[in-house]
Amino acid sequence: MKITLLSLLLVVTDAHLEPGNTYHYDYEAVTFTGFPHAGLARAGIKIKAKAVIEKISGNEAIINLRKAQVLQYLGEWPAGSFQPAPRVEEPLVRQLQNPVKFIYNEGDVGRIYASPEMSDTAVNIVRGVLNLFQVMPSKNKRSFDIQEAGIQGVCQTRYIRQESSSSDKIVIIKARNLNNCTKNATLTTGAAYTEACPECEKISKNVQSAATIRISLQKSRSLGEVIHRVKSTEVHAFSPFHNQEGAAMTETKQTLELEDVSRSSNQPIRSSSMQERGGIMYMLPQSAIRKLSPLILTKRGNLETEIEGRLKLLSENSRGVV
């Protein structure tokens, strides 16, 4: 009897996808890069889509991102606004229409399979959505710490579970320390003439990163525990020198909300042509950085004139300091 009760406790704490059902979610992600002060320039990207997930077998599921939109932000913050980005949007929307298969077992996202036609950038966008479904079983604990895999790597994660006996809702809060990872999804560029300084890192870190994810689950007799709403915030603060005006930041906010659950159409999914594309952690080849990054969406004039102007500005503003 004790063993049976323990098994039930473990089962009901899992985020659940029921075979034969299709889950329709509204998804939005916004990424900004710049200084956190009004009046300064920022670059950003917004992605909106309908995320449709279908469980096709015991631990296999399919995700589609439909009606995707890609917008860009270039200008003074917060006076600017998002504008269409057809150069980036058209190829991505076409690729994101392809189904992506993934392994989903007890709230854990495993291997990912996609068409070879999908770029690493498109698969990374899908990873960003699937990361919101990464919910480890709580094992009947209100809070616990683990090294958990995610899009950023295998990092220290604290789980806090909030549940009321009089409510059919469960809230799970995840706090990820992205400076404490056993494996990172990182790519360093433009650092050919820099040297690592271990002693400096002991005093202060140039990069401080963290992420928080709030997951709301809805309990149902017919569907189990279904992820109903997710809100995620991830911040990377970069300060190479002591800067009294603050650090440059990259901030990403994601929202996911369940719109509907319907019966699957039972149409066969062509997965034979899919190739394994790794796990939940981002894949960061050079091509992914060049094709989709807020840092490259800048209006460029004459390069030599811009360099000369920047050097002149630095010299004029540094005479009283140097």
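Cβ atoms are placed via backbone N, Cα and C, with glycine included.
Keep in mind that what you see is a predicted model, and the values were worked out from it rather than measured.
According to TrEMBL:
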type     : residues      : note
SIGNAL   : 1-15          : signal peptide
DOMAIN   : 17-322        : domain 'Vitellogenin'
DISULFID : Cys155-Cys181 : disulfide bond
DISULFID : Cys197-Cys200 : disulfide bond
Cys181 (disulfide bond) to Cys197 (disulfide bond) - Cα separation in whole Å:
19
To the nearest whole angstrom, state the Cα distance for the pair Cys155 (disulfide bond) and Cys197 (disulfide bond).
23
